[in-house]
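Before any comments, here is the structure.
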Amino acid sequence: MRVPLSWLREYVELPADVTGRSLGEQLVRAGLEVETVEESELTGPLVVGKVLTYENEPQKNGKTIRWCSLDIGKDEPQWVVCGAHNFEVGDLVVVVLPGAVLPGGFAISARKTYGHVSNGMICSSTELGLGDDGTDGIVVLEPGEGTPGDDAIKLLSLTDDVLDIAVTPDRGYCLSIRGVAREAATAYGLPLKDPAALTLTGSGDGGYPVRVDDATACTAFVTRTVTGIDAKALSPRWLQKRLLAAGMRPISIGVDVTNYVMLELGQPIHGYDKSRLSGDIVVRRATSGEKLVTLDDQTRELDAEDLLITDDSGPIGIAGVMGGASTEISGSTTDVVIEAAHFDPIVIARSSRRHKLSSEASRRFEREVDPQLPRYAAQRVADLLAELAGGTILADETVADTHPLPQPVVIRGDHPARVSGAPIAVDDAMEFLKAVGCKVEPAADDAVASPLAVGVKASSLDYESSNSCDVLTGSRLWAVTPPSWRPDLRDPNDFAEEVIRLFGFDNVPSVLPSAPGGQGLTVSQRRRRRVATALVGAGLTEVVSYPFTGDADFDAMGLPADDDRRATVKLANPISDEEPSMQTTLLSTLLRTAERNVGRGQTDLAVFQTSLVFKPKAETKAAPLLAVEARPSDSDVQSLYDALPDQPLHVGVVLTGALTPTGWWGKGRPAGWSDAVQIARLIASVVGVEPTVKNVELAPWHPGRCAEFSVDGKVVGHAGELHPKVCQAFGLPSRSSAVELDLDALIVAGPETVTAVPFSSYPVAKEDVALILAADVAAADVQAALTEGAGELLESIRLFDLYTGEQIGEGKKSLAFALRFRAADRTLKDTEVAEARQAAVQVAVERFGAVQRVG
Amino acid sequence: MSGPNTQYDPVEVTPLHAEALERTRDEALSAFTEAADLAALQAAKVTHLGEKSPIALANREIGALPPSARKEAGQRIGTARKAINDAFAERLVVLEAEHEERMLATERVDVTLPWHTPELGARHPLSLISEQVADVFTALGWDVAEGPEIEAEWLNFDALNFQPDHPARQMQDTFFVEPAGSGKVLRTHTSPVQARSMLTRKPPIYVICPGRVFRTDELDATHTPVFYQVEGLVVDEGITLAHLKGTLDHFVVSMFGEGLEARLRPNFFPFTEPSAEVDLKCFVCRGASVGNPDRPCRTCGSEGWIEWGGCGVVNPRVLRACGIDTDRYSGFAFGMGLERTLMFRNGVEDMRDMVEGDVRFSRQFGMEI
Ligand SMILES: [Zn+2]
């Protein structure tokens, strides 16, 4: 809502030194969101000039300029060049003189142009900061509006400040000058001259016939009729200027007046050309198949839920949203039927959304308009049409008003103090409520406090320590009736808020509450932090990526058509139609992040991300929209949770390029599959899990270089080198590698408590074992076999050599392990160690046909 | 050499002459002193202390002396030998020290050379600031609560007093999950975690919830469709707006420094009543830039205060929908954007830097913000 300060001053006698900025600060304190304050940058001299002569001078560039002499109240005429043609000799215009600065910081000086020295210029509406008046030329004043030499800044109030206020949904009344003026009056403690305080001249009946079929959606419908208007009359400059300053373009007197009254009072108005109406106006819901051409010349298919204004011809408007083209006021209109109605906010909001049509009217109705305004607003429009367009107001008036009157809410006098924790005296609180427009009376003896007054039975109340608010008077009940323009005031806390904001949020004390003892981070939260810290220690950098993905990513990853990672949760309104899915694998987006980094020259990359992935459930159920008047049952709450997809936390890693660069120490080393596997092992160890690892084939990994990690038989993720095609598809260096693990699953598998085991102080016995095996036997399995066979004397085992080559023949490999034996209670005898070693080898021999390698 | 010479019984043998012995000793001492390095010293040791050295020969001759002379000769030889041994040991220490010094000097390296093991990586600053916030509140005894990102519409909106057709619900620019009517959305704020906390916990509830949220904004320098919020919720007996202010003041000091405070400006949010915007006192100029054109402040735009987030007293309708006894309990909640916080706290100028995943952005932070 754009609010010119000069307009506001009409209803509140603000002190002369109040500026847009200082008023803005006050309104912010009162709870309005003042987004910007436009202060006029304009400085004079800017004067009224009378056109004495002009010459049309065609130019080479095809334009014709006018070389004009102007009377600006001095002895000598002022000579200027002007590009516009919408004026004649004798017209009064606005002339800016050298030395002035126009809005936008345009400094004016005498300058040579088109072969003349132009001493200033004649101004258009836009140049004066008044907005586009639609004339495509300069401003021509009305005869007698000023005399040559008059200060045009003063004459046209050009240095007005304009406040732009973002009106929150609870403050619909502030979508009007009247509403903002009320807040300004309260903020400065000044009386409000209410522009709606008009004398009603209507008779209350006999107006244009109206029938309201849906009285829940339309609770008031008022019409007045004005006849004999001059539709071609131009709106006066003051009205045009106000519309422009408020951000609306002047169109014609009929439209301008309805817009003006809407801005002034907040009541949307619709005007009909009476000659184009046929039969009764009926307010009803649409029937399917009905259509309407709206004022913006769009044909709208109507929905059965749309509330319509109709006549015998059919729909003539979508109530509260936009009127129809067939009955609109035109240049030939003489008789106008004025509609001022009250519609249900939800009905209007739905229609507005359904037709993607947000109008000035719908924005106001959605936030609810003062239901007592329609008669006054219709009166105001009629008065203005009579005054400005020569119309005659008929006394006949239609008033269909079923809107209920506001009901009182019963609150304790100390409720605002209890909500704020500030010692707000009851008397002060009730005065604040009156300032807001509420009617405040002591409640009847048998009155009961309204519900939802929080904490009335709470055991401690900080504010009571203050002397200024005693408990006895505080507990007394008050009946508070909100003013008609504040339908948002429903609950005790709504009234408390009004009191507290006028009391001043700044005056509320600051008290740190003491929580009962907490238990710190959860096990899961702690382990997640440690994983991240360990990865950073290992040289990886944490990055983020959006979770949005699509087929292009899955194709690039080489996922088969039936891969279950292609079954995704999809968005109805994604940012991009190419990426309608929520990621099921972190790599689909992390690889894109890697791609971006590589593309920017970071080719040696080691990045990680932790993020939720989204796994649709086998059976998709809708999450119910439950009632809110009480807590849903446990099973209802459970049905909400059950309807959601599984959303486990994953950790992803991508390694590209060199792990070790080439340097003075020698040749560098590329990051490879083993680094990826090792990082996965690192993550598992951080959370205290010893995973089982085996070779598997899975996209996007290299079929021979992918490790599957599992814990207790459950697969928790994969690591290894990426498939060459995947590297290519994501523009990554060849032999890039990646990890993806289900971090939640790993964390859950971690130990609850680690129990210490005493360790032996007896000497260690070391034995090496070298085995020749088939090449496809996994080292991990051999190690497991040796471990199993060695028995409990085995302290540790480590693979230290891998050999393939001629000495052992094709299809074979040799693995060498270092075994350490130790007993808890004695020094081991050589024979014991030899036996244990032999037992270890025996299992490997039996299980894999291993042959001991000698020498 | 074989056994003592029994045929022959001299009283005096040449090497045992006092003079000869002194000479032998002096020669040894000077040889040791003159030895320039450990090798020379070792050679001198063989000559003067070895098996064939004069002192060794002399020692061997003692047995040939008549018993009467043995004691005296033994003493003389012992004294001389000790002197020689001491001199050797002394010189050895000196030469070894010299040797070590020389060796260490030649082994000097340039310690400024780089090495090949990976350098420390980096956390993303959004993670770091989330953790910092969590730490501030766990220190107060609060729990860190979490929730899913695909959320039930009821928890994201209805439970929080966003009515189905209320403009406030439309203002949230929501991502909806297919199909229409699924009742699921990408959470538009961390507030559904509040609802979950109230549905599952019993008061007193003191929770802080950092998390990722979604709105259908296009990415530009100041907007992103995916961003991070942190939200706090308290539900307890006797909770007032004053407690909210106290908590925010503490939060401001913890994140931005001593002597700073929060300011509340009335506003509207469906889930709180009263509601307010939170401003924090500018931690750079501390208000000194206001009306002082000589000292403009970029951080607060010379306003003295920085817009930080929203807050309020939990709307009793929200408490009721989540099963909290409104007669007994009241609460407060607050929330702020973490990207915005990083922007003014750490001077991040472009939102896109925070969301694009360029490692250079994270790397400036390392492990600290
Ligand atoms: Zn500042």
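All positions are counted from 1 along the displayed chain.
Note: Cβ is positioned from N, Cα and C throughout, glycine not excepted.
Record features (TrEMBL):
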- A:D488, A:D494, A:E497, A:E498: Mg(2+) binding site (BINDING)
- A:40-153: domain 'TRNA-binding' (DOMAIN)
- A:404-510: domain 'B5' (DOMAIN)
- A:760-853: domain 'FDX-ACB' (DOMAIN)
Which one is it: of the binding-site residues A:D494, A:E497, which Cβ has the fewest other Cβ atoms within 10 Å in this structure?
A:D494
Counting Cβ neighbours within 10 Å across all chains shown, tell me which of the binding-site residues A:D488, A:E498 comes out on top.
A:E498
Could you put numbers on the helix, strand and coil content of the domain 'FDX-ACB' (A:760-853), residue by residue per DSSP?
37 helix, 32 strand, 25 coil
Need the DSSP three-state call for A:D488 (Mg(2+) binding site) to compare against my parser.
coil
Over the domain 'TRNA-binding' (A:40-153), work out the mean pLDDT and round it to an integer.
86
Through the lens of DSSP with three states only, how would you label A:E498 (Mg(2+) binding site)?
helix
Going by DSSP, how much of the domain 'B5' (A:404-510) is helix, how much is strand and how much is coil, in residues?
40 helix, 13 strand, 54 coil
